[in-house]
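Asker: Mind looking over this structure? Questions follow.
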Amino acid sequence: MVRPLNCIVAVSQNMGIGKNGDFPWPMLRNEFKYFQRMTTTSSVEGKQNLVIMGRKTWFSIPEKNRPLKDRINIVLSRELKEPPQGAHFLAKSLDDALKLIEQPELADKVDMVWIVGGSSVYKEAMNQPGHLRLFVTRIMQEFESDTFFPEIDLEKYKLLPEYPGVLSEVQEEKGIKYKFEVYEKKG
């Protein structure tokens, strides 16, 4: 079964997603709650969502919050020999992770698959064939960053006018405006 892949990211106007292993902007509590809700809520009873992230993204999560709870966590790394403490699975590449999800032990347990970073993992996911959705929080100002989100190819990805459970109006926290967008590529 080929499942749709979902990427979720918050990105500043200059496409920044990280700085020194953290977000370039101050903590936006409601934006974080949106991330938690979207990546955790399964639409199928008895199944869990699964999150895939690179090694640096994993270690950027405060230890007390690892693994991301109520989700199956896969960490990608070519260097690590075993899953980092708290992670459920380790895979060498996104392709390997996607194959792992279709193995009998996981196939029946997984509902939605979410890619949660970082840059190279997003890039690889966005170039995958097939059905992809990008859940993008547009932080409506620039922040100094050292990690960036790949350009969204609007020939392939269509911005959806609305999406269930996603607010369409501009949000504001700590004087920072942002809005939620959903892009889709049918593959």
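In case you wondered, yes, glycine gets a Cβ from its N, Cα and C as well.
Relevant sequence annotations retrieved from Swiss-Prot are reproduced here:
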DOMAIN    4-185  domain 'DHFR'
REGION    8-37  region 'Involved in methotrexate binding'
BINDING   A10, 16-22, 55-57, 77-79, 117-124  NADP(+) binding site
BINDING   E31, F32, K33, Y34, F35, Q36, R71  substrate binding site
MOD_RES   K33  N6-succinyllysine
MOD_RES   K33  N6-acetyllysine
REGION    60-70  region 'Involved in methotrexate binding'
Asker: What's the number of neighbouring CB atoms sitting within 10 A of the CB on R71 (substrate binding site)?
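Answerer: I count 21 other Cβ atoms within 10 Å of it.
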Asker: Hey, of the binding-site residues listed (K33, K56, R78), which one tops the CB count within 10 A?
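Answerer: Of the binding-site residues K33, K56, R78, the most buried by Cβ count within 10 Å is K56.
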Asker: Summarise the model confidence on the region 'Involved in methotrexate binding' (8-37) as a single mean pLDDT, whole number.
Answerer: 97
Asker: Round to the nearest Å and give the CA-to-CA distance linking G18 (NADP(+) binding site) with Q36 (substrate binding site).
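Answerer: Between the Cα atoms of G18 (NADP(+) binding site) and Q36 (substrate binding site), the distance comes to 18 Å.
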Asker: Would you kindly give the Cα-Cα distance separating F35 (substrate binding site) and G118 (NADP(+) binding site), rounded to the nearest Å?
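Answerer: Their Cα atoms are separated by 15 Å.
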Asker: What does DSSP assign G118 (NADP(+) binding site), in three states?
Answerer: coil
Asker: Can you tell which of E31, E124 has the most other C-beta atoms within 10 Å, given these are the binding-site residues?
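Answerer: By the 10 Å Cβ neighbour count, E31 comes out on top.
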Asker: Where the record says E31, F32, K33, Y34, F35, Q36, R71 bind substrate, what is the longest distance in Å from one Cα to another among those residues?
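Answerer: This binding site's residues have a maximal Cα-Cα distance of 18 Å.
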Asker: F32, Y34, F35: which of these binding-site residues has the sparsest Cβ neighbourhood within 10 Å?
Answerer: F32
Asker: What is the number of other Cβ atoms found within 10 Å of the Cβ of Q36 (substrate binding site)?
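Answerer: Taking every protein chain into account, the count is 14.
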Asker: Hey, does DSSP put G21 (NADP(+) binding site) in a helix, a strand, or just coil?
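Answerer: Where G21 (NADP(+) binding site) sits, the three-state DSSP reduction gives coil.
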Asker: Do any residues at least six apart in sequence from A10 (NADP(+) binding site), in the same chain, have a Cβ closer than 8 Å to its Cβ, and if so which, in order?
Answerer: I17, F23, L28, E31, F35, V136, T137, I139, Y178
Asker: Expressed to the nearest Å, what is the distance separating E124 (NADP(+) binding site) and F32 (substrate binding site) at their Cα atoms?
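Answerer: F32 (substrate binding site) has its Cα 24 Å from the Cα of E124 (NADP(+) binding site).
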